Amino acid sequence: MLNPSLSNSAPVSAATPSPIISLRGVKKAYHTPAGDFWALHGIDLEVYPGEFLGIIGKSGAGKTTLLNMISGIDALTEGEVLVNGVRVHDLDEDRLALWRGRTLGVITQNFLLMPTLTLLENVLLPMDFCGLWQGRKSVERARELLRQVELEEHIHKLPSAISGGQQQRVAIARALANDPPILLADEPTGRLDSGTAEGILHIFERLVAAGKTILMVTHDLSLERRFSRVVWIADGRLVADRQAALG
Amino acid sequence: MMRPRWRKVLSDLIGNLGRSLLVVLSIAVGLFAIGILITNHRVIAEDMVTGYRAVNPANIMLVTTPFDDDLVERVKSVKGVRDALGVHKISLRVQTVHGDWIPMDFNAIPDMGTQAINRVHLLEGTWPPEDKEVVVEQSKLSEIGVGLGDWITVELPSGKTRRLHFVGIVKDLTLGAAAGGGGFFLAAPQGYITPATLPWLDQNEAWNTLYVTVEEGNDEAAIRQVAQRVRREVEAQGVLILSSAVRTSENHPNRIYVDAVVGVLFVLGALVVFLSGFLITNTLNALLAQQMVQIGVMKLIGARRWQVAGIYQVLILTYGVLALLLALPLSARFSYVLLDYLANRINLQLQGFRVVPLAILVQVVLALAVPQGAALLPILHGVRVRIHEVISGIRPSEAVQTPHWIERLQKRFRGLPRPLLISLRNTFRRTQRLILTLITLTLGGAIFIATFNTQAAIERYIQQLSRYFLADVNLTFEAPQRIQRVKNDLAQVPGVGHVEGWAYTRADLMGEGDQVLDTVQLIGVPIETTLVTPILREGRWLQAGDRNVLVVNERFRATLPNLHVGDTLHLRINGSERDWVVVGFLQLAGQNLGHLAYVPYDELSRQLGQSGRGLLFRVAADRANLTLAEQEDLARRVDAYLKGRGYNISEARAGLSVLEKTAKGLDVLTNFLLILSGLAAIVGSIGLAGTMSLNVMERTREIGIMRAIGASDGTIRLLVIVEGVLIGLMSWILASLAAFPISRLLSNVISHAIFNAPALFAYTPTGFLAWLGVVLVLSVIASLLPARTAVRLTIREVLAYE
């Protein structure tokens, strides 16, 4: 699966602007009754604006932990994470939440929508928390985002009334609510059939084309060709990093 | 448009109606109970005082030989006296609708329309009555059984009868206030007539009872001083005082019952505040545990801690407000149902429906502040939740291990069914939650069991009281009769077995100097009596060789707190004073009966100059254990036979009926406690049901996973029920233990109010078993209903459930 010929360092062209995400010597240990478990062993990674980065690895390789380090939802054991020039792990919890809400859109495998809110309200919620859009403007924006993911007819439905694929599109719309420059997607197609998954990937490609930076975790090797760049992770270490063939 | 975060509050509220209802009910039921307890506590205590004061009750009551208006005018000018009123009181027999003859007190009052002292409240009909008409006090009306507009047949001392037109029903709050009358419950039915009616009833028009109000009506010492001056004035006019009593303007005759009720309400109120606090804490803990993933998601998409906390504070505030809106009117309404019940039975005049600010304040605080306080820790815990843990479902920070004892149990009893072991593990895996749940359920159960125990203690005591009423028929004659003659005559009545003649009189209990403390009823019983086996609290009963000795009841302890066995009491009987030695303290039906003492018959009859004669006769049937109907039949035959023999009988009453009348005050408390135990059952049950249901709701996802891996609906139901029953049983055991001190506390409160001593203790299995039944049934239902909903969901729905 691994390609030993590929370098572990990012082969970035000289014309590449400064990275939007930088990880330096990132280590993460979990303390368990059986002793410390090292999920990440000193990760160095730079991600550049407009990249569609695939993070591929087996289950338990450390993919999700890596994303969590970037989003700041889990604490570092060692190292440094800079996103958009901000040292993520230096922020206190509330600043981090606000920063995350404005800078990152997070999409997960199990959608994590608010079950008692309509689709429109789910998309409005991050805007309400972060305060970038308010009142009628926020509603117009939420409607527009839902239109972009082709759910405008369902905006007043509850998540339980739509399919899994549709829920994931709502999660994408929600992730875009505050117009963050970066999207972090953790196995976003993991629970979807191939047709629906294809639709989600199309949306991501459109977003990248529009200038968003997307980091997507997957264990599905077949998706490798869809990314502009792929890093391979195994046992908490990046073992390969290359520009995708079609990237 | 409403902001999305508040939409979330609203949709959480409406979207999960079952859960919202449970939370609101759990809060409301505590508020409801506390509202009732405080409203009752305040209203009953206030209205007893204000209601009683409003009738301008007599502070001094003297029963005397006849006197006229001159004396009344003289008394009015005695220093410290505010007003005085002469009344003629007589006891005559009236015929009930069943044909029996019972004594009734008639009060002939001058200027009834403007009666200044001991005013009555007209409830129905007319007040004041015209000549040859009678108005009857409502609380004893049922004993006669006549209806308004009917005629009441009165037997005159001569044997002639008269018919009085019954024209009005009144409430007289002073009923039972007179000294030596046995209090409210033993009081005879009361009738009110004009003085002009007296000659028509073969009575003279002179007064024989003097009511006096004093300037400082709330100061008992001041009243006693005025009473002393009044007595001197009365006696100076050659009028003999037969009995006297003093009472402050706020001392309602049934005050001890109100004290008991207020005491019980206070204890239960305090306990219910705790119960309610735990119930709210427990419910909100469960609620927030269900919301952890959503809290994690909100933080993930940019919510700061104060924003998340704000959402749940508003949600909880909304639950509190809804619970308050539900509890406020319901508790106010039910309070007055309970108050009406009590007011009618202990003769209180309610001052009308009103809002009790303290009840509302406590309910508002409980509804708004306690849930916020109770939810503070869970909310703080919630907002600190680690996002990656809640959204991944892996929460090492909350990792729990199976308790070692369950593992040991599993090893020792290898045959234990797997569902039982899983349920055991589930039950104990969150110790903190379990403890909180158990405290809530334990407190609810303990209150329920304790009220049952206290009620049983009173009931058992009422049964014990029958030891004073072993005779089947209690006879009271108009005048003392030769005992041997009565015995010989009664021997002719079929069914009569043993007969005893007792002496009876009222005496003045003398204090320091020439001060009369109160009136004492002295009952002279033969030393060898078999018809009284007293409940002795201290000292001994009468024995051969006793002369000037008495065995006194609980009321003496209230009047003379330092009285001990061996002490001497100074009594004045028919004008002559003598010392009597206290040899024992007995306990009867409470302080309300007044001062009562048993003395040797020989000594009392000798002092009364009535040797060989008796005023009271106790008749035992020739066979044991007669029913009330049989006793009544015997009483009727005895009454008819003796009347035929020319005796003037004041009353012939079945022993059980006297017991019933004597214990009626205690009965009121028993029924009141029964209602309160119902209230405790409602609070406890809703707490139990809510906690269990929320526990199961929280595990909807887990249920889905178990179904996904092949567990049948039956297995899941079994797991949930076993867990519910386990928690229920544990809480029952703890509640049973906690019920002991609470029962003791409640019993003590009542005992001190009624008997002025810690006297009532009993534990009945009924409360324990009833609560066990409630716990088992509710545990099963409360666990099964949400479990049924959970197994009905498709696995996909359940796994998506948050």
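Backbone N, Cα and C define each Cβ position, glycine as well.
What TrEMBL records for this protein:
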DOMAIN    B:267-382  domain 'ABC3 transporter permease C-terminal'
DOMAIN    B:435-630  domain 'MacB-like periplasmic core'
DOMAIN    B:675-794  domain 'ABC3 transporter permease C-terminal'
TRANSMEM  B:21-38  transmembrane segment
TRANSMEM  B:260-288  transmembrane segment
TRANSMEM  B:309-332  transmembrane segment
TRANSMEM  B:352-377  transmembrane segment
TRANSMEM  B:434-452  transmembrane segment
TRANSMEM  B:672-697  transmembrane segment
TRANSMEM  B:718-740  transmembrane segment
TRANSMEM  B:760-785  transmembrane segment
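Counting same-chain residues at least six beyond the ends of the transmembrane segment (B:21-38), those with a Cβ under 8 angstroms from any Cβ of the stretch are 265, 268-269, 272-273, 275-277, 279-280, 282-284, 287, 319-320, 322-324, 326-328, 330-332, 334-335, 338, 356, 358-360, 362-363, 366-367, 371, 679-680, 682-683, 686-687, 689-691, 693-694.
The transmembrane segment (B:260-288) and the transmembrane segment (B:352-377) are in contact, since at least 3 Cβ pairs between them lie under 8 Å (pairs 6 or more apart in sequence). Tertiary neighbourhood of the transmembrane segment (B:760-785): same-chain residues 441, 445, 448-454, 456-458, 460-461, 677, 681, 684-685, 688-693, 695-696, 717, 720-721, 723-725, 727-729, 731-732, 735-736, 739-740, 743-744, 747, 750-751, 754, selected by CB-CB distance under 8 Å and a gap of 6+ residues from either end. Per-residue confidence over the domain 'ABC3 transporter permease C-terminal' (B:267-382) averages out at a pLDDT of 86. Beyond its flanks by at least six residues, the transmembrane segment (B:352-377) meets 27, 30-31, 34-35, 38-39, 42-43, 273, 276-277, 280-281, 284-285, 288, 312-313, 316-317, 319-321, 323-324, 327-328, 331-332, 335-336 of its own chain at Cβ-Cβ distances under 8 Å. Residues 419-420, 422-424, 426-427, 434, 437-438, 441-446, 448-450, 453, 688, 692, 695-696, 703, 706, 711, 763, 767-768, 771-772, 775-776, 778-780, 782-784, 787 of the same chain, all 6+ positions outside the transmembrane segment (B:718-740), place their C-beta atoms under 8 angstroms from a C-beta of that stretch.
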